[in-house]
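Asker: Feature table excerpt (Swiss-Prot):
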DOMAIN    4-204  domain 'DPCK'
BINDING   Cys12, Ser13, Gly14, Lys15, Ser16, Val17  ATP binding site
Amino acid sequence: MSYIVALTGGICSGKSVVAKKFSNLSKKVSVIDADVISKNITQPGSIALRMITKHFGPHILFSNGSLNRSMLKKIIFFNPKDKEWLEQLLHPLIRKETQKTINILSNRSSYILWVVPLLIENNLQKYADHILMIDVHVDIQLNRIISRDKIHKQYAENILLSQVSRQHRLNYADNVIENNKSIDGMTQHIHNLHRDYLKAEKTTTKKTIFSK
């Protein structure tokens, strides 16, 4: 198995941008994004989407049959039981697809960048060889959420409160990338980490990610 770097961070911390930076450094850096997998397994025609529609009703779909993710996020944010139901449905499917993808990519990857927004919240840190956190000041993060999602400040603040704190997340980090300014300011740090991960890949103990 390839060396697995778990990339995490709070909402609007810049995970996708940083992941893209890493993948651009080498074709042998494979990115596995938990959010992308979640979207793939809930496409029209999927078993997961049929179950979601049955549970929440047909109004959870757009007219073209695709999942209204924005509506779903709001529903589960204000309804803990619905959130728990959805997690029990999706998390095993996401883990299965993640492991399948890792098995496919391992032999042709120098290392795998595993992007997991809720790594700490879901206690998944134990499945990674290295944890890389993207840190951002709360006020900057708040402004990014409001701007991206077009929501009120109070709602954005509640979203932040629903995630683990910066400090709690930092306690698990092996390395931290600060994303408080321009993305270009992180380039050298990313290059240095990439070099370190290439070295680590040569000495890592191979394992199955969800076998612990």
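The first residue you see is number 1, and the count goes up from there.
Any Cβ shown, glycine's included, is placed from N, Cα and C.
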Asker: Going along the chain, which residues six or more apart from Ser16 (ATP binding site) have their CB under 8 A from its CB?
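Answerer: Ser16 (ATP binding site) has long-range Cβ partners Asp33, Val115.
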Asker: Tell me the Cβ contacts of Ser13 (ATP binding site) under 8 Å, same chain only and six or more apart in sequence, or just say none.
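Answerer: The answer is Ile134, Asp135, Val136, Gln141, Asn179.
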Asker: Residues near the ATP site, Cys12, Ser13, Gly14, Lys15, Ser16, Val17 excluded, by Cβ within 8 Å of the Cβ center?
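Answerer: Near the ATP site, the remaining chain residues are Gly9, Val18, Ile134, Asn179.
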Asker: Is Lys15 (ATP binding site) helix, strand or coil when read with DSSP?
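Answerer: DSSP call for Lys15 (ATP binding site): helix.
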Asker: Looking only at the domain 'DPCK' (4-204), what is the model's average confidence as pLDDT?
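Answerer: That region's mean pLDDT is 94.
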Asker: Just going by other Cβ atoms within 10 Å, which of the binding-site residues Cys12, Val17 has the emptiest spot?
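Answerer: With the binding-site residues Cys12, Val17, fewest surrounding Cβ atoms within 10 Å: Val17.
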Asker: Do any residues at least six apart in sequence from Gly14 (ATP binding site), in the same chain, have a Cβ closer than 8 Å to its Cβ, and if so which, in order?
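Answerer: The answer is Ile134, Val136, Asn179, Ile183.
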Asker: Measure the Cβ-based neighbour count of Lys15 (ATP binding site), defined as the other Cβ atoms within 10 Å of its Cβ.
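Answerer: Within a 10 Å radius of the Cβ of Lys15 (ATP binding site) lie 25 other Cβ atoms.
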